[in-house]
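Notes follow once the structure below has been shown.
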Amino acid sequence: MGDFGQMTEQISDTSNVHNAWNQPVSEDVIRHELSRSTIPRSLLQRQADLASPAIGMIWLGCIFAVVAVLMPLTIWFVNEFLTEILSGRFEFWFVMAISQAFFLPSLISGSFAVAIPMLVNRSVTLRFLMANIIVAPGLLLCSVCFAVTDGWPPVEFYLVIGGFMATVSIASLCAQFWMRRSLVHKSWTEPSRPLGILSLMELTVLVSLFMVVAMANKDLIPLEGTIVVIGVGSLAWLFAYLCCYAYLSETIRWRFSLLVTGLIAWLLSGTMVSLVSGFEFGTQDLLRNLHWIALVSLVGAASTCVIFSLVFWSLRYNGWRLVRSHQNAPPTVSSPTESKQETP
């Protein structure tokens, strides 16, 4: 009651108090709002603003964890039940359809789980920590499922995953120096700032650590494998950034964005299927198997569209937006007692 009494004593002059429509607010209205416990409601609103961005990131990590668990279970199911039933070319295309339904979404959701935190308008170290916290539960559950079904994954598996995520994170930071866009939440009122000298130093440290780990394990992963990992990680980052730009911008056209990102997902899935098909049957049979490649790629594209629709619906619903640097976060609706404007 002491704080309430102090606040009521400070409202004797209401000439500078205006509402959201720039209209003066009377003293009676202010006293009425204070009598309705404005202070606890303000604290609850702040807690909601803090919880809202966390919910979006937690939902992102949950989606990645679910998809990461389904990948080893799918591999176990195919090896345990389908290899003895199916044979020939039909077996290959059926297995490819199943793998695209679960492997490609796990790849894309992993790129989302790394790229999206790296676009947040905070320090590079905090972004890197956020990305690791989001990705760690999914990787742990994936490793446990692999251990139960087929034994613990080898060291090369973790090196490939680490190289993929390092490529996505470094590409996200490098792109921000050029594209000047950051991910902000609606509760943040300060303008988003571009990356500066400190961010460049942090990025240099991350790249150096990545190169040290890569050179220390060059005998486990050959140069060709490293190039493939970097290439796949770069494509996955590009797709993740295009989805962020399409679904988290201030103005959005859902049908057009879904059509474009779905087409890109179909082409990405088709590229992966074509590479595997070329290794299996030879590059000379690619044209003859083009109808199978297109059909199997549709399965991967459809499952990928479901994944990124869930991810970006959650992020947008919880107030995340991709804005240009030096631009404020999206405005929020404030109560009349919270909107104050000083008169000249």
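Cβ atoms are placed via backbone N, Cα and C, with glycine included.
The transmembrane segment annotation in TrEMBL covers 54-78, 90-116, 128-149, 155-175, 195-215, 227-249, 256-279, 291-315.
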Residue numbers, six or more beyond the limits of the transmembrane segment (227-249), whose CB comes under 8 Å of its CB atoms: 107-108, 110-112, 115-116, 119, 160, 163-168, 171-172, 175, 181, 183, 221, 257, 260-261, 264-265, 268, 308, 311-312, 315-316, 320-322
Same-chain residues near the transmembrane segment (155-175), Cβ under 8 Å, at least 6 residues beyond its ends: 110-111, 114-115, 118-119, 124, 127-128, 131, 135, 139, 195, 199, 203, 206-207, 210, 213-214, 217, 220-221, 225-226, 229-230, 232-234, 236-238, 240-241
Winner by Cβ pairs under 8 Å against the transmembrane segment (128-149), considering only 54-78, 256-279, 291-315: 54-78
Intrachain residues whose Cβ lies under 8 Å of the transmembrane segment (54-78), provided they are six or more past its termini: 95, 98-99, 101-103, 105-106, 109-110, 112-113, 116-117, 130, 133-135, 137-139, 141-142, 145-146, 149-150, 307, 310-311, 314-315, 317-320
Residues of the parent chain within Cβ reach of the transmembrane segment (256-279), under 8 Å, 6 or more residues beyond its termini: 92, 96, 100, 104, 108, 235, 239, 242-243, 246-247, 285-286, 289, 292-294, 296-301, 304-305, 308-309
